[in-house]
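To start, the structure under review is shown below, and the notes come after it.
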């Protein structure tokens with residue numbers, strides 16, 4: 001640089017500024033693409049969470065329906081003069097350890113027990129903006145022109161997007177953990193419902209064959 005004339009130094013400064021500006025534009029473009037991908041992932045997780053809620057509600061409804069079906073079987077046994085165990089069949093099933101472990105004492109999942117947590121920092125598909133650059137700015141100004149203004153703005157946006165991406169990653173991790181727990185709960189409910197249905201089918205077959 002010592003061998004360069006003032007004009008050449010100025011030309012080189014403008015060249016570096018142009019290259020730096022293009023770099024910040026590319027970085028901003030990549031950051032926006034990453035943010036868009038994150039928003040789409042958040043939306044998909046939200047939709048998946050709603051589907052899991054509907055599935056779990058279906059398991060709860062089957063549980064309620066089976067309780068009524070067991071009551072009907074007990075009444076039919078009485079009407080047919082068949083021997084009924086002293087303990088109510090439904091009570092016996094619902095007092096079992098596996099049933100209580102799955103459904104709790106109430107036998108139904110209250111709304112508070114259904115996983116409903118959704119990402120909190122996304123509103124209508126738009127991430128909540130975080131704070132931008134510090135008061136000193138991101139770049140050291142050389143030419144002090146509109147290009148450096150754009151570079152500063154680009155890097156400020158990148159900094160904000162990176163903050164949003166961090167928040168989205170935390171939200172996605174929490175939501176995935178919650179959904180994994182809900183899937184495990186749904187599996188347990190499905191197994192318990194199947195066992196309950198099998199027992200009811202056996203009782204119904206005995207009633208038909210009697």
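Glycine is no exception: its Cβ is also placed from the backbone N, Cα and C atoms.
Per Swiss-Prot, the stretch carrying the note region 'Disordered' among 104-136, 137-169, 170-202 is 104-136.
Among the modified residues 20, 23, 34, the residue whose Cα lies closest in space to that of residue 5 (phosphoserine) is 20. Between the modified residues 5, 23, 34, 160, 160 has the most other Cβ atoms inside 10 Å of its own Cβ, all protein chains included. Summarised by DSSP class, the composition of the domain 't-SNARE coiled-coil homology 1' (14-76) is 63 helix, 0 strand, 0 coil.
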